[in-house]
Amino acid sequence: MGQAGCKGLYQSLFDYKTEKYVIAKNKKVGLLYRLLQVSILTYLVVWVFLVKKCYQDTDTSLQSSIITKVKGVTFTNTSELGERLWDVADYVIPPQGENVFFVITNLVVTPNQRQETCAESASVPDALCYEDSDCPPGEPVAAGNGVRTGRCLREGSAQKGTCEIFAWCPVETMSRPTKPLLGEAKDFTVYIKNFIRFPKFNFSKTNVLDTTDRTFLKSCKFSPKNPYCPIFRLGSVVSWTGSNFQEIAVQGGVIGIQIEWDCDLDKAPSECYPRYYFNRLDNRFSGNSISSGYNFRFAKYYRDAAGVEFRTLFKAYGIRFDVMVNGKAGKFNIIPTIINVGSGVALMGVGSFFCDLVLIYFIKKSHFYRDKKYEEVRSGQQGNGKVNVEQLQSLQTVEA
């Protein structure tokens, strides 16, 4: 038995398989085959070529540069600062005009701070004390404002007090104002200039209209119908994110401005224009969550008539704008076209394979079609139900 098996295996090494074409007169399988062909052809033409444009070579290595410029003035009158006019040099940080810029909308001001000793803020947990031994000298107060001097300061007959510290005194004690100081900043404008280049195609573009009219940028405002005027009103930018300007101006926030370039270089260069998307990036879904908002501190330093240094401390709340750019460019190339056409032809073969499975395994008379499709022949033998090799090249029509 084993010897016969080895002999059969040896002989099968020299067998050759060739295709036999059988036309099956089965309407159901024929309809299925045509539906598969139409589906594959529709996928290839509509999705692959019209939607995804897979006949193009693409470049996603976008090179980009951003320049920003904010404009606007407002006037305030407060007890800490008095009457003051605010212009772009006062409320925009940094002044260089980069892809990330910050506009101050609210302030906590602590004026006339000097380096001396004073009581630490009672809102700092590590500064609470009952006696002098709770304030070891020379140790900084965790999350506080200075270094302990060794004294525990109490008010009147109170048992609990706060450690005395050496710091910029008086320390910051004011809470955040509930109304924004620069609420009129909603009418400020920002000019966002974007230069891009796709190195593979040596194609460059800017988001500003190519014109010699010097008054264009002084009179235009951005709108969906005017994408080549990148001058945005800050209040509009915030509203496009679904936020209220006065609310975000109180505690600050982070706004993302996304510039999207999707360029079809088979069309005119004027058809390549930017699309803008605006999103609120900081956490605004938790009400008064401690993770919401945006602020930081900075100071301005002075010297009095005696040459002693003092400063005014500012805790600035405001809106941080992050300008981000991405995009891609595509241009016709014969290589991806041939590859995708070849893939479509291969999918046609998958349709034939699927219909073959249905024909010879899943319909009622599958055994009949299976016998007609697969036939064993030997060279030189004819008759007795056998066919020669020449007969194999012809088409055979079978009907159930």
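Positions of Cβ are set from backbone N, Cα and C atoms, glycine also.
Worth saying up front: this structure is predicted, and the values here are computed from it rather than measured.
As written in TrEMBL, here are the features:
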BINDING   K69, V70, K71, T189, N295, F296, R297, K315  ATP binding site
DISULFID  C118-C169  disulfide bond
DISULFID  C129-C152  disulfide bond
DISULFID  C135-C163  disulfide bond
DISULFID  C220-C229  disulfide bond
DISULFID  C263-C272  disulfide bond
TRANSMEM  31-50  transmembrane segment
TRANSMEM  341-363  transmembrane segment
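Residue pairs drawn from K69, V70, K71, T189, N295, F296, R297, K315, the listed ATP binders, are separated by up to 24 Å at the Cα level.
Put simply, C229 (disulfide bond) is 54 Å from C118 (disulfide bond) when counted between their Cα atoms.
In this structure the C-alpha atoms belonging to C129 (disulfide bond) and K315 (ATP binding site) are separated by 27 Å.
Distance between Cα atoms for C135 (disulfide bond) and C152 (disulfide bond): 6 Å, as a whole number. A separation of roughly 19 Å, to the nearest angstrom, links the Cα atoms of C263 (disulfide bond) and C229 (disulfide bond). Reported as a whole number, the C-alpha separation between F296 (ATP binding site) and C229 (disulfide bond) equals 32 Å.
Among the disulfide-bonded residues listed here, namely C152, C163, C169, C272, C272 has its C-alpha nearest to that of K69 (ATP binding site). For C152 (disulfide bond), the nearest of the binding-site residues by C-alpha distance turns out to be R297; the candidates were V70, K71, T189, R297. Around C129 (disulfide bond), taking its Cβ as the centre, 20 other Cβ atoms fall within 10 Å, counting all chains. Cβ contacts within 10 Å of T189 (ATP binding site), excluding its own Cβ and spanning all protein chains shown: 17.
Taking the Cα of R297 (ATP binding site) as the reference point, the closest of the disulfide-bonded residues C163, C169, C220, C229, C272 is C169. When the Cα atoms are compared, C169 (disulfide bond) and V70 (ATP binding site) turn out to be 34 Å apart. V70 (ATP binding site) and C229 (disulfide bond) have their C-alpha atoms 14 Å apart, to the nearest angstrom.
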